[in-house]
Amino acid sequence: MIKEITAKYNAEQIEKKITQLWKDSDAYRKTREHRKTGKRLFFVDGPPYTTGHIHLGTAWNKIIKDSILRYYSMNNRNILERPGWDMHGLPIEVKVEGVLGFKSKKDIESFGVENFIEKCKEFAINQKQEMTEQFQRLGVWMQWEAPYMTLKDDYIEAAWWTLKQASEKNLLDVGKRSVNWCPRCETAIADSEVEYAERTDPSIYVKFKIKGEENTFIVIWTTTPWTIPANVAVAVHPGFEYSKFRAIRQDGSDEILIAATDLIENVLRQGRYVDYEVLETMLGEDLTKLEYESPVGDLVPVQNEIKHGIYLADYVTAENTGCVHIAPGHGMDDFNVGVKYNLPILCPVGPNGAYTEEAGEYAGKNVREANPIVIEDLRKRNRLLAEGTVTHRYGHCWRCKTPIIYLATEQWFLKVTDIKDKMLEAIDAVDWYPEWAGSARFRTWVEGARDWCISRQRYWGMPIPVWKCKKCGKLEVIGTKAELLEKSGAGSDVELHRPYVDKLTIPCECGGEKKRVEDVFDVWFDSAVASWATLKFPQTREQFDEWWPADFITEGHDQTRGWFYSQLGASMVGFGRAPYKSVLMHGFTLDAGGKKMSKSLGNVVSPIDVIDKYGADTLRAYVLSSSAPWDDLKFNQEEVENVHRSINILWNVFRFPLPYMALDNFDPLKVSLDSVKDALREEDRWILSRIQSVVKAVDEAMSGYFLHKAVREILEFTLEDLSRWYIQLIRPRTWTEADDPDKLAAYRVLYEVYVTLTKLISPFMPYLAEEMYQNLIRNVDPNALESVHMCDWPKVNEAYLDPELEAAMSTARSIVEAASNARQKAGRKLRWPVSRIVVSPESEDAAKAVERLRSVLMDQTNSKAIVLTPVGESWDELGLEVIPDPSKIGPVFKKDAGKVIPALQKVDGFALKKAFAEAGEFELSLADRTTVTVTPGMANFKETLPEGTASAESDAGLVYVDANLTPELEAEGYAREVIRRLQDMRKELDLVVDENIRVSVRIEDERVLRLVETLKDLIAEEVRAEILNLGSDIDVSGALVKDWDVEGIAMKMGISKK
């Protein structure tokens, strides 16, 4: 049977109880098994790095996923999902380095690669367990006992198979290119891994001396002085006009400079020249015959071996000088120019960001620390035209936050540029939520994508499965562990990690020996293969053929250049199509001011802290309702508390009828809706219609992943329709006799609504939904499904839908609100009855609503009558005051205006208004018996209310409250005041609903006492008083005695249990 619940919503208690219930009943497995015959839905979880505690962003991400999957499950989808864990790469290595106190790769080498690998593995596995428990506390249902983990050999094989496909399709390339490089981590990083942040760097203008021309220089600008020792050329735009001009200083000295004609003024300003003379103009292509000298040739000997020329490049912009310094070893654009013109790829910088011996005098210096040294050397040699600083967005390593540099190194690449067109076609075949996530943001990223550098010079990662013969240089790509074991002749199994896999060699046809290249995969390649690796492909095709590609994925908008992109690239290589059918892109979590959360700013919010304080359902409901999924979520503590209050209201709504239902032994299995249909009131039919409308609205919202609309719809229904309206309407019905059909109808309707609401909230607030379900359904029906999450999603029952009634009730609620406002103006509380409410409707629909819901209006406005005026007509008891307008009367009647104004004030307002409307004028009799003609505009009109009446506007029209008191109304008002205080005292004594009491009330004011005595029976009935003593001088005693001021009247009340 239905049981009472605690008065207060205790999230911690409920969540512990439900977690244990799910565990004991094996609810997750049974729910998935229950849907095995449904339509398949394959979901791939974007794997978080196992680096520690979950943060608010990862919590939001998992909550979105869980809510959507629960919704799909209830809609009979057979779901395959496995939580994923990204367990390799710099994210893990950097954490472990921090634990071990390491500063560089040298520390790792000294510690031992195998030792370091084991530490990384241990860290990743331990953190996975901790994060799993945190996600489970969020109420997230996934196959936590069988996740996919990127460190597992079978997972690594999926990546190896994909790379072999790339090799066989000529989409794998190896070679020297200038790539993003982290000098702390000493590895290449992909474009998608570069994080941009504001940084202040040097800004210098440098003069390169033109060979064979005295005192003549071409001027370049750079923010990386450290790259000057690696300069091999200057690039100019073929279509720009350039000038050779004499630049004159204040002291009369001069020099001849070359720059874009449009930028001469900037060069003069930067160099503090006072005048200039153009000697010659030319196009960029005319400059290519010139050569120049390195400004640091005496410091960097290798520079003297280079023929420094000027070359054409379309990417040169009309900024600074229009001439770009080219160092092919330190920039992708520079590298491409170098390749195009067969220039030397000079890269005198080592992997740790320090100059090599090739840098001459700069050898051993860190390049960033060398900036001021290079600048000073240029100054000493009169090659520094100007020096300043610039604050700009500059790339940093995504994990250690070190500013990147560009280094020309040998790397492995997927030739994305060869399949870019097919990738763009694949994007169009995917359903994107929102649409612009694919058509704009993602498409733009792919259009600008370069070949993907998939190699990393690190340790803890999936080894790149390429074996190279040291003798002949032949390469072999291995696709599976079995292939490796066979070709290497290994006698036993091997773990597919460094350094273990590095020990296996493969005989080469030339008689030499192939050894594995040392690089590991870019960690983004790990997760790129998740959709087939989680299906155990390529070990088996069974699951892959049944489920792949993924029906749905969702991640943050940074994944347009991360996981969405890496998956698409790898899948196009492996299968020639997108690995997902639909994608929901969500936003970032920020603080209330819109700033990114970071420890340095002290604005980080822990989801676990929020759960500890408010509960998981509150956090879930908040993050889901706060904003559209694709907008950034600005975490606001006050809004969290508002959601918590809403859930408390939901709990109280749920709790309200339970004591009465339990007391009356209400059994919903024995009372069907059909059996009470004749006892249904309009408000019952209305709430049944409203819950259908809510189901429809939530369904529509979920179809487009408007999760915020879905949750808001539910919370608003609970607060506005249930708590503030329907519960108030039916409250008196729950106090009647147990077998009263009117009460049973209210119980059965409320039960129906609760059952539907329980299922509606279950994807979003799973703990609370389960608690409600177990009490309302499982306690009533032993044959019911074990969990609410096994239930079917509610279907709209068209028989209950009544849009006309919903509109009418909306009108009625507006009238009630207006009546409340009018009561406030009249100084009459709602507890005090009024004789009548007058409604002056503006439309027939409004009038019909009043007629249809008259009893509701009488009850909720606490009035004895509802008076309805004819549509469009004023209430006939209103007065119409005439207000003369002296500004219009004076110019017409001049000295007689003083007679006209008082005469107008005495005229019947309705007669005057009618004359103006029908005749356009009015003959006005003055005090001296003369008449004058007045016209519209000379008078304004103001409605006047009968004494003791107040009014307010509603959506239906004007509402009037007659607040005049009769003795009968006053008696009821005082009686209601007494009842309210006695009810409060019952609550204070924590009495059960049906417990009878003894009451004594002393009212010293004899007149008020006589009024209250006329309703003694009503008071006794309402407060369940078996004995009620009233008097002006009686002794008041009991378990609880209190003094009260009731509308200025002193009263003393005492109550005791019977």
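Glycine is treated like the rest: Cβ placed from N, Cα and C.
Your range for motif ''KMSKS' region', going by Swiss-Prot and the list 391-395, 486-490, 491-495, 596-600, is 596-600. As annotated in Swiss-Prot, motif ''HIGH' region' covers the listed stretch 48-58 rather than the other ranges in 48-58, 246-256, 675-685. For Lys599 (ATP binding site), the Cβ neighbour count at a 10 Å cut-off comes to 7, with all displayed protein chains included. Secondary structure of the motif ''KMSKS' region' (596-600), assigned with DSSP and counted as helix (H, G, I), strand (E, B) and coil, comes to 0 helix, 1 strand, 4 coil. Averaged across the motif ''KMSKS' region' (596-600), the predicted model reaches a pLDDT of 79.
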